[in-house]
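Undergrad: Residues or ranges marked as FAD binding site by Swiss-Prot: Gly10, Ala11, Gly12, Leu13, Ala14, Gly15.
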Amino acid sequence: MIKEKLTIIGAGLAGCEAAWQAAGRGVAVTLHEMKPEKYSPAHHLPGLAELVCSNSLRGESLENAVGLLKEELRRLGSLFMEAALATRVPAGGALAVDRGLFSAFITDKIENHPLIEVVHGEVAEIPADGTVIVASGPLTSDALAASIGKYTGDYLYFYDAIAPIVTSDSIDLSKAFRASRYGKGDGDDYLNCPLDEAEYKAFIAALLAAEKVAAKEFEKVVHFEGCMPIEEMAERGLDTLRFGPMKPVGLIDPRTGIEPHAVVQLRQENREGTLFNLVGFQTKLTYPEQQRIFRTIPGLGKAEFVRLGSMHRNTFINAPQLLLSTFQLKREPRILFAGQITGVEGYVESAASGFLAGLNGARLAKGEALIVPPSVTALGALVNHITSAPAKHFQPMNINYGLFPDLAGRVKKKEKRAKLAERALTELDGWMNTL
């Protein structure tokens, strides 16, 4: 008879990863998910581990810290990475997935694990006893948020914006061209809609004059830089978008032989290639304004939008003030947190925090010593930031090489990232032997 038990609230990326890791270590898991009885404003699929903002898990190269984090998770036996590799779609140098297949893959694995029981329905209170992982996500329900507040005190709010999706057969291929930046991947994984200078200026002017969805007065709007609405970026200056999501660098229009003034990139959304999302085009414009303005983009004049952009509230705790490096709550160590509610930002980071919370949740339930990954690994760097950053100005953060400890000695700039990755994977391999 299994005595060790673990309760996990939330079956998103972090909750599912935590459940999988804990169950794999012999701990019985009760995984609570409020869907399909109740949906957040941004979720639509009935399955577990739903991807909301984008279908991209970002770059695969170890030149990017997120690529290193994915490689670490893959080596550690992450369910998230297993699902991602099994359901990937073409995306140049990035790892992108068919989000429907991705959710179905993880749902099947979780529901068929003998030590995991999935309970559907909203959890309004953190259980009063036992080991608990709170992985309720950035869209935590009001009732549960109130319960969390009893343990954490004040928590912060910010908004992410969701990008639109169009059907591939509604894209005018006589105006758009296929190419990946610098020819990465298969070289034609993205559709690109080029804009000349006049078209770009008209587009910016339309964005600045467009009607937006108003935020409620009691909610403070704080945008995370990695998911900022395009109209907010446009307000920063004429060329801000041209140096951001609309940058033309590395993209040559085959009809002109030169780089366009600006480019809107469309990334394949599903395996069949029938849907494409507008890369970096998160927005809080009203639906009519989105359709009007985005159809002025060359190639999208008759675009069929299967999903328009929208805004939703995100909730996260002040992790440096509240959490230990083991993801335990300082004032009540039987409670752990995981996922975006901790202030990690991004799919991969959420899964990574779930991996570590699941590992330590299982150890806590079994009475074993808890562990923290080496600080030189991507996992360790992420943990260190989340739990050690200045609490006064704490904001969500993606993994990046700026969070890693410096290398010993002098290293050429162009070699630094490769050396950081090499050091991380060497340390990770040694750490894995202790698990």
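Including glycine, each Cβ sits where the backbone N, Cα and C put it.
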Undergrad: Reduce the DSSP letter at Gly15 (FAD binding site) to three states and note it down.
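TA: DSSP assigns Gly15 (FAD binding site) to helix.
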Undergrad: Near the Cβ of Leu13 (FAD binding site), how many other Cβ atoms are there if near means within 10 Å?
TA: 32
Undergrad: Would you mind ranking the binding-site residues Ala11, Ala14 by how many other Cβ atoms sit within 10 Å of each Cβ and giving me the lowest?
TA: Ala11
Undergrad: Looking only at Cβ atoms, how many others are within 10 Å of the one on Gly12 (FAD binding site)?
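TA: Within a 10 Å radius of the Cβ of Gly12 (FAD binding site) lie 30 other Cβ atoms.
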Undergrad: Return the count of C-beta atoms lying within 10 angstroms of the C-beta of Gly15 (FAD binding site), excluding that atom itself.
TA: 31
